[in-house]
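Q: Pasting in a structure now, in structure tokens, and then I'll have a few things to ask.
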Amino acid sequence: MAEDPNKPSTSTKADEAPLFPPAKPGKRVDYGTNDTLELLERIPSQVVDLKLDDVLTAVKEVDNLCDFPRCKTKTSLMGQDCQHCKKRFCFKHGLPEVHGCGEEIKRDERKKFLHPKPLKTVRQEEDVKNAKKRLDAKLKDMQLGRTQKATGGGSKKKGK
């Protein structure tokens, strides 16, 4: 007799099978990658629904590791974020030249050196930034003033 595909089965081999290969005693589980997105691409969405806790544990552990290939150093307490590739590296691989962003940084620095912004433009950008800060502060004060009037004005009418 065939089972109805719409009904959930009570237990299947997929439910019982481990999501990742078991770790050797005294060693961490090897997820095969340090990249969280790469790890998630390998796992089908049906498996994620069934074994969400295992997937979240794996993602949390991979997220705390250096993003350099084959480096398993934890970066949860101390690490460096690259400005160009937006990945997190341990101090050993934190320099852009070490993890592969050296040419990109070299290009950006050369562009800044050969084509610097004129001093007048830099001053204007600073003035615009300061004006935006003042405007935001004034709008915030006005917003606070409106909320105070609305609560204070209602109590005066009741007293009349």
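A Cβ is built for glycine as well, from the same backbone N, Cα and C atoms used for every other residue.
Straight from TrEMBL, here's the annotation block:
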- 122-143: compositional bias 'Basic and acidic residues' (COMPBIAS)
- 60-109: domain 'AN1-type' (DOMAIN)
- 1-30: region 'Disordered' (REGION)
- 112-160: region 'Disordered' (REGION)
Q: Using DSSP, what's the helix, strand and coil tally for the compositional bias 'Basic and acidic residues' (122-143)?
A: 22 helix, 0 strand, 0 coil
Q: Could you put numbers on the helix, strand and coil content of the domain 'AN1-type' (60-109), residue by residue per DSSP?
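A: For the domain 'AN1-type' (60-109), the helix, strand and coil counts are 16 helix, 6 strand, 28 coil.
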Q: Any idea what the model's mean pLDDT is for the domain 'AN1-type' (60-109)?
A: 85
